[in-house]
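Undergrad: My questions will all concern the structure given below.
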Amino acid sequence: MAKGVAVLNSSEGVKGTIFFTHEGNGATTVTGTVSGLRPGLHGFHVHALGDNTNGCMSTGPHFNPDGKTHGAPEDANRHAGDLGNIIVGDDGTATFTITDSQIPLSGPNSIVGRAIVVHADPDDLGKGGHELSLSTGNAGGRVACGIIGLQG
């Protein structure tokens, strides 16, 4: 079993800790709490780069090793990093558990060293008809991010 963690921070006061657990060749379970967000849905994605030299803007596009278009987590045609939305309550906090088979912590498509990003707006899961739907889910700006590292 492999474990990972990402600590999210932002200049807007968004904070959180995300934990990743990967069992052998199975799915990865993502659990976390993020606070300081506007209530509602917020796009949640693994981005290709672990570079935060320019804040969340330098984390690159969604992690997409198979060259697919953006989609929902349950879609066959989706970026590996497309994790859908997290739901933020009236208190500005999201607590969530996501299980996904396309984000391993080892092997050629490992997400270790990449970034996890929370977006300002809901992810339309590639179905919104907007010009950005098939690339970003039209999820808006990047409000918080953290680099995924291995955890002992």
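Count begins at 1; order follows the chain as displayed.
In case you wondered, yes, glycine gets a Cβ from its N, Cα and C as well.
Worth saying up front: this structure is predicted, and the values here are computed from it rather than measured.
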Undergrad: For the Cu cation site that Swiss-Prot describes with H45, H47, H119, which of these is also annotated: H62, H130?
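TA: Of the residues offered, the record points to H62.
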Undergrad: I'm trying to understand the geometry here, so how far is the Cα atom of C145 (disulfide bond) from the Cα atom of H119 (Cu cation binding site), in Å to the nearest whole number?
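TA: Taking the Cα atoms only, C145 (disulfide bond) lies 9 Å from H119 (Cu cation binding site).
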Undergrad: Starting from the Zn(2+) site formed by H62, H70, H79, D82, give every other residue of that chain whose CB sits within 8 Å of the mean position of their CB atoms, in sequence order.
TA: H45, F63, N64, K68, T69, G71, R78, A80, G81, G126, S135, T136, G137
Undergrad: For the recorded Cu cation site formed by H45, H47, H62, H119, which further same-chain residues have Cβ atoms within 8 Å of the site's Cβ center?
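TA: Other same-chain residues with Cβ inside the cutoff are G43, F44, V46, T59, P61, F63, G81, D82, V117, T136, A139, R142.
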